[in-house]
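So that you can see what the record holds, here are the features copied from TrEMBL:
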TRANSMEM  B:6-32  transmembrane segment
TRANSMEM  B:44-61  transmembrane segment
TRANSMEM  B:67-86  transmembrane segment
TRANSMEM  B:98-117  transmembrane segment
TRANSMEM  B:142-161  transmembrane segment
TRANSMEM  B:190-213  transmembrane segment
TRANSMEM  B:225-251  transmembrane segment
TRANSMEM  B:258-279  transmembrane segment
Amino acid sequence: MTGRGIVLLVLAGLLLAVAPLVGDRYVVSVLTTVLWFAYVGQAWNVMMGFSGLLSLGHALYVGLGAYVSAALFVHYGIGPWAGMLLAMLVSVAVGTFIGFLGFRFGVKGVHFSLLTIAFAEVARIGFDHIQWLGGSGGLFLPVEAGVSDPLNLRGSPTLFYYVILALVLGALALSRVLLHSRLGYQWLAVREDPEAAEAVGVDLFRARMTAVAVSSALTALGGVFQAFYFNNLFPEQVFSMGRSIEIILPAIVGGIGTLIGPILGAFILTPLGEGLTFLIEAGGLDLPGLKQLFYGVALVTIVVFRPEGVWPWLARRLRLVRQPGEEA
Amino acid sequence: MPIDYYLNIAASGLLTGLVYGLAALGLSVIFGVVRVVNFAHGEMMVAGMYGAVLLAGFLGLDPLLSAPIVAAVLFVCGWLLQRGVVNKFVERPEHMQFILLLGIASILVNGMLMLFGPDARNVSVPYSFDTVEIGPMLLDAVRLRAGAAAIVVAAALFAFFRFSRTGKAIRACADNPLGARVVGLNIDGLYALTFGIGAAVVGVAGALMSLLVDARPQLAPEYTLLSFIIVIIGGLGSLPGALLGGMLIGVSEALAGFLLMPSLKSLFSYGVLIVVLLLRPQGLLGKRS
C-alpha cells in the first residue's frame, strides 16, 4: 500500500471508531448491518477468494454459530463469550466434515458448490423440526430493556456496534497475516492451479481443509453476533439460500480475494440497499423484494463490467496500492 | 393398509415427477451444450407458472393450451439472455458464470415478488377435481394430463435432437465446440438457440406445474435446487437421465411425504443428492468426464 492508501485506511478507521458518538440510532444500526456483512464477507473470502472453493451454503455456518450460542444461553445460561467457542467448534466440525467428504471423493466445481448448498438446505429443514431449538416457530433470546451486561453480550446498540467493528478489524488482521504466511501462499497456489500446486509439493487436501476450517470458524462468530443482536432465530431465514447469496455479495462487489474488497463491498451495497428501501417507503410504497432485486442488479452489473471487483479498480485509480496486481 | 394405497401415491408422484423431469431436461440441455449452469432455472419455471396463471385469468386459457405461448415467450427471453449476457461468460471461470446467473435469478424472483406479491395464485380448470380410475388406482385428472403433456414435450425434444439438422448441429456443438466451428457451424447462434430451447422447455414445465401447485415466487429457489438434484442424479447433460431422475424424485418425495412428514420430503431429496454427489458424481446415466 502507498502512503496515501494507509492514510485513507486510518482515516476510515477513525471515522468508524467515532461514528456512534456523532451518528444517531439509525446510522448506528445501518453501520452495524454494513459491518456484519463486511465481516461474513471476509470469512467467506477465505474459502473462495484465497483458496478458490466456491461455497454457496455459508448460511449454514452462520446458522450453526447462531443456534449453538443461543441454545447454550437460553437453556443453560452460558454466555456468548464461552458459547462462541463451542459454536466455532461445531461449525468447524461440520465444515471440515463437508470438506472431507468433498475433497476425499473429488467433488469439484459446480458439484462442490451444490454440496455446500445441499448441506445448508438439510440444516434448514432439519432445524425446522428440532423442537428443543424452537423448530420453525423460532428461537428467542430473552430481552430486558436497559440492561447493560457486556459479559453476556447484552446491552445498547453501541455495544454491538463496537463488537462487530472489532470483529471486522480482527478478521482483516487475521486475513492479512494468513495471506502472507506459508499457508496463505499455498492457498493462492491451490486457487490458481491445483495441479501445479500439488506438483511442487503443496498438500491440496490439507490446504483446502484449513481454508474451510478458518472460514467456517470465522463465519460462526458472525452467527453468534447475529443471534445476540437480533435475539430471534428462524431456520427459514438463518439457513436460507438467499442468506448464503447475501454473504457472498460484499466480496464479489468489492473484489474476490482482496483484503479490503469485502469491507468496501459491504459499504457500497448495504447503504444503497437500505437507502433505496428508505426512499421507496418514504414515498408511501411498500415493495418487498426491492432490496434483493437491487442486489441482483448489482451482482450482474459487477460481474459483467468489473469482474475483478471495485477495490482493485479503485485502488489503481486512486493509486492506493503500489503495483497493479499486488495484494493490498 | 393395502398395497393399492402405496401404488396410488407412487403413481401420482410419478406423474408429478414427469413434470419435474421436464424442467430438469431444460437445465440439462443448457448445461450439456452451452456448459453453463443455469442457476436461474427455477425462477424461469415460476415465470412459466405465472404466465399460465395470467393467461388463464385474462383469456380463460387452459394451461395445456397456453403452454405453447409461454414456451414462445420464454424462448425469446432465453435467446436474448444468452445473446446479450451469458455468451460473454462461456469462456470465463465457472464461478463467474454461477454468480452472474445467481444475480439474474435474484432479479427474476424479486421482480415477480414485486409484480405478483407473495400470495399463492392458482389456475382453475373445469376438470380440477376430476379423478380417473385406472385399475386399482384413482388418479387426479390434472396430474394425468400434466404428466402426459410432459411426456409429449420430452419426446418432441428427443426427436428434435435426434432427427433434425439443427438438433444434430447442436449436438455437434456439445460434443466438440472447436470441431463444430471448424466445419462452419455458427456456435454463438446455436448456443442462443439452445438456451432459448432450455428456457422454453422449463417454461412449459412451469405452465404444467401451475395445474398441480399454486404459483408463488418463493417456489423459485426450491425448483432451481430440485432441478439440480434431478439433473445430478440422472447425470448432468444426459437427457434420458433427467427424465428418469425426475420420476425417481417425484415418487420418492410422494412416498416420503406420506410415510414421514410432508415438510420432510425434500430432506430426502437432498440426502439422495449428497449420496449421488459423493459416490457417483456423473449421475446414474451420465458418462464419466
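Glycine too: its Cβ is placed from the backbone N, Cα and C atoms.
Bear in mind that TrEMBL entries carry predicted annotations, made automatically and left uncurated.
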Stretch of maximal Cβ-Cβ contact with the transmembrane segment (B:225-251) [cut-off: under 8 Å; candidates B:6-32, B:44-61, B:190-213, B:258-279]: B:6-32
Cβ contacts under 8 Å made by the transmembrane segment (B:258-279) with residues that lie 6+ beyond its boundaries: 9, 222, 226, 228-229, 232-233, 248-249, 252
Dominant neighbour of the transmembrane segment (B:67-86) in B:6-32, B:44-61, B:98-117, B:190-213, by Cβ pairs under 8 Å: B:190-213
Recorded stretch that, among B:6-32, B:142-161, B:190-213, has the most CB pairs under 8 Å to the transmembrane segment (B:44-61): B:190-213
When counting Cβ pairs under 8 Å to the transmembrane segment (B:142-161), the leader among B:6-32, B:98-117, B:190-213: B:6-32
Intrachain neighbours beyond the transmembrane segment (B:98-117), with Cβ under 8 angstroms and 6 or more residues off its ends: 36-40, 42-44, 46-47, 50, 81, 85-86, 89, 215, 217, 220-221, 224
